[in-house]
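Structure record follows, encoded as structure tokens.
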Amino acid sequence: MIEGMVIEAAPATPVVKSRRSRLSALWLPATYSYVGLLTLITVALTMVSAKNETRIVLHASTNLHNLTKGRFGTLFSSAFLVGEGAATVFIIVPLLACLLALAERRFGAVKLVHTFFIGHVGATVLVAVGLWVAVRSHLMPNSITMVEDVGVSYGTMAVVGALIAVLPAHRRFVWAASWLTLALGGVMVWHTFTNVGHFLALCLGLGVGRLMIRRQVTPSHPLNWPETLLLAVGSVFACLVLLA
């Protein structure tokens with residue numbers, strides 16, 4: 001018989017902390033809220049007539065007609081409409097969710113929202129100014145002031161640019177150069193104001209990312225394998241945005 005030996009149970013605290021850590025990593029309120037709203041609005045639009053759907057989309061569009069009438073609320077409402085129909089629920093929204101999830105895991109909800117809307121609003125305003133000058137100079141037809149202009153693409157490209165902050169230093173130049181080349185390629189091939197907006201939003205996002213790097217506001221540890229997977233899927237979505 002061994003006397004004086006006391007066997008203590010291992011504390012459960014590390015297990016509890018590990019579970020809490022995993023749960024907190026899955027809690028992405030900005031991503032879930034935005035994706036949920038996109039899905040609900042897209043489904044709701046399928047339940048109205050084509051005429052009413054067009055009217056709703058035009059009312060929410062950031063075209064020159066709305067902006068010159070002072071409807072600046074469209075700078076935000078346009079980000080909650082996709083415009084490609086019900087197929088977006090099954091294709092675009094899940095891919096977008098992966099990109100946003102990675103950004104929220106690394107940036108946090110507030111910085112993700114700021115980055116997305118800096119790209120969405122900033123690129124929209126810059127494009128609108130360019131279109132206004134082109135229309136006034138008779139370089140573009142007046143009909144362009146009434147086009148449908150909604151979607152998530154500007155915000156998406158801003159987030160892609162900002163993700164430079166989560167990459168190792170030796171990969172940042174390749175990341176920025178690759179996306180800038182693709183975005184410029186879209187401008188050169190399709191010659192649309194939307195492609196110009198993608199390029200501008202990407203530049204804004206890269207600027208946000210550089211600011212994050214300078215201020216060291218993102219976690220310094222490397223991407224783990226789930227985050228790498230999210231980055232890969234998000235990159236595929238961004239390529240589709242630029243090239244589709």
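Here the Cβ of each residue, glycine as well, is placed from N, Cα and C on the backbone.
Pulled from TrEMBL:
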TRANSMEM  26-48  transmembrane segment
TRANSMEM  79-103  transmembrane segment
TRANSMEM  115-135  transmembrane segment
TRANSMEM  150-166  transmembrane segment
TRANSMEM  173-190  transmembrane segment
TRANSMEM  225-243  transmembrane segment
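Of the candidate ranges 26-48, 150-166, 173-190, 225-243, 150-166 contributes the most Cβ pairs within a distance under 8 Å of the transmembrane segment (115-135). Within the chain, the transmembrane segment (79-103) has long-range Cβ neighbours (under 8 A, six or more residues past its boundaries) at 28, 30-31, 34-35, 37-39, 41-43, 45-46, 56-57, 60, 112, 115-117, 120, 148, 150-152, 155-156, 159-160, 162-163, 166, 227, 229-231, 233-234, 236-238, 240. With a cut-off of 8 Å between Cβ atoms, the residues of this chain six or more beyond the transmembrane segment (173-190) that come close are 157, 160-161, 163-164, 167, 196, 198-199, 202-203, 206, 238-239, 242-243.
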